[in-house]
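One structure is given here, and the rest of the page talks about it.
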């Protein structure tokens, strides 16, 4: 429920006072950079593709311009529902009772956007890194699967820790393990209380600091614990911990400092990922990938290798390598009949990429967690690191690894479908959603990121067909089927993926995309086959059942031509009965759709 306007003014005054005194961080800073101004203009236009590109480039979606407008307020005011949804899913702050959320609600152009803003709970946007930080904290107490590679002993206690995280978070540990990567035990000096070390570990593993550092049965005083924490802060070079300790009694300030620390840790882990996993990846011939031997206790602390095979070029270009007249040299089994052909047409060796990775991050995926916890061979020790093959391209695997390590995933459109299927295989629902968002935003609107195969790689929104004179002027131009090969993604593949993986967002996007370009697709045999597949998805059809894809296309057609339908009697035509759809022949179905499209030319 929205708060009253006079309460908004009081709320804004209180927040500004806390920001001026330095108690709170300004979560909506002024941003006059060209990138942010471009972002605001894209929000005004409702350009989903450009907004997604700028978000992926790192623009601050919670900043404001000189007129105190944030992207969320602009998108809400201009009535772009899908853009508001994208901003909320990307981390735009919409906390209940916050000034900016209530301002966006009051400025919403319609009730659809207003209800979306009111339905968003603060837990969805306030801390997008919470699942990532919670996983790192859980490593302190996780026993299965075993992922620790060093044991720290202090008095009568021992802590099973992880070299990669200690190295990423503390310069001291980074130097120590770089000099002695084979170290598996480390003893804490007796002068340091174990209670102090326990607090430091919670800080390094992104846990909430306790209010009471010393328990009722502890043999030391709170002052001794503070002195121990101070010594460890200086020794391990983590001065920020002392600031977090001093703000422990102010809950709001402590939460803000914790969020800052999580973001700092994310940057540290990303640097570690770039300097170890990506820097030391290996590219080899696929036939030799199984011969790669990587020892344990290596300098980057990797404990397994993930392998991804590149798609052979002859498979990618197999259809376009042949000449249209059929006079090309046969490729594949057909070319093996001649020894000469065998030597001249031998395809290049297939390549594989191996990434040295760390199990503590891999087990964020339930797929790998089960693999390392069960009786699979990958869960048992071996002389060298296990090589685990993942059925995807190296580029897609790199995106997945970056997400597992850093919670960041910038997915180009050309890899989005492969990422969607691989994320589903690895049971990464959040990454699967990100891939669906990429497809539905970069391929949405009038930007036409999806390439239309029916026009040799061009999918324009022009309402007028190409004049016949243009094609007559250049009759000798050869066909260019190679343009089809470089298309980023195909809408037919998108909707089939949506059906296979049950992604409602992509089903709606594909139907909207087809409806906006129906005149380009309606005569295509593949489109007719898609309609038949949609009809066959119902196992037990009833008299009132319709074809789901046709219903969705019909809905978006009505949205597309909503200003032209009045007085045309179209609603009566569409509502004659749902059962009529199943009694139509294919020719009658196409004729009816053309009748809809003819309305736009009147």
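Just so you know, glycine gets a Cβ as well, placed from its N, Cα and C.
Remember, predicted model here, so these are calculated numbers, not experimental data.
Annotated by TrEMBL as region 'Disordered', the relevant range among 311-352, 353-394, 395-436, 521-562 is 311-352. Residue ranges 273-302, 453-482, 483-512 are listed, and TrEMBL annotates 453-482 among them as region 'Disordered'. Residues 28, 39-40, 43-44, 46, 48, 51-52, 55, 61, 100, 103-105, 107-110, 112-113, 116-117, 120, 124-125, 128, 433, 437, 440-441, 444 of the same chain lie 6 or more positions beyond the ends of the repeat 'ANK' (67-92) yet place their CB under 8 Å from a CB of it. For the domain 'BTB' (341-413), residue counts in helix, strand and coil come to 33 helix, 10 strand, 30 coil, using DSSP.
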